Amino acid sequence: MEKLTILLHVAAVLMSTQALIQEQRQKAKINLFSKRKPSAERWWGDNGCSLWGSCTVDAECCLGNCGGMYCSLLR
């Protein structure tokens, strides 16, 4: 009976250790994915500029070329 109790304690410690390690791995994966940016955001940055949206000044366009009412893709 005593051996069975010791065996159950060892099994409980091993299972809790495994659960703790898996939890840390999940947190690491979440941190990895949260740092990644979508492709468009990596390419154009996150400065709120527009490719072909409406504009009033050059600074509102990603390419810095406001064609009067809309951003121009040509410089």
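We count from 1, first residue shown onward.
Using the three backbone atoms N, Cα and C, a Cβ is placed for every residue, glycine included.
With a 10 A radius on its CB, Cys62 (disulfide bond) counts 17 other CB atoms from all the protein chains. Marked as disulfide bond by Swiss-Prot: Cys49-Cys62 (among others).
Cys55 (disulfide bond): 19 other CB atoms within 10 A of its CB, across all protein chains. Cys55 (disulfide bond) falls within neither a helix nor a strand when secondary structure is assigned with DSSP, and so counts as coil. What Swiss-Prot records for Cys55-Cys66 (among others) is disulfide bond.
Per Swiss-Prot, disulfide bond is recorded for Cys61-Cys71 (among others). In this structure, Cys71 (disulfide bond) is part of a beta strand by DSSP. Sequence-distant neighbours of Cys71 (disulfide bond) (same chain, six or more apart, CB under 8 Å from its CB) are Ser50, Leu51, Trp52, Gly53, Ser54, Cys55, Glu60, Cys61, Cys62, Leu63, Asn65, listed in sequence order.
What Swiss-Prot lists as signal peptide is 1-19.
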CB contacts under 8 angstroms to Cys66 (disulfide bond), restricted to the same chain and 6+ apart in sequence, sorted by sequence, are Cys55, Thr56, Val57, Asp58, Glu60, Ser72
Around Cys49 (disulfide bond), how many other C-beta atoms are within 10 angstroms of its C-beta?
-> 16
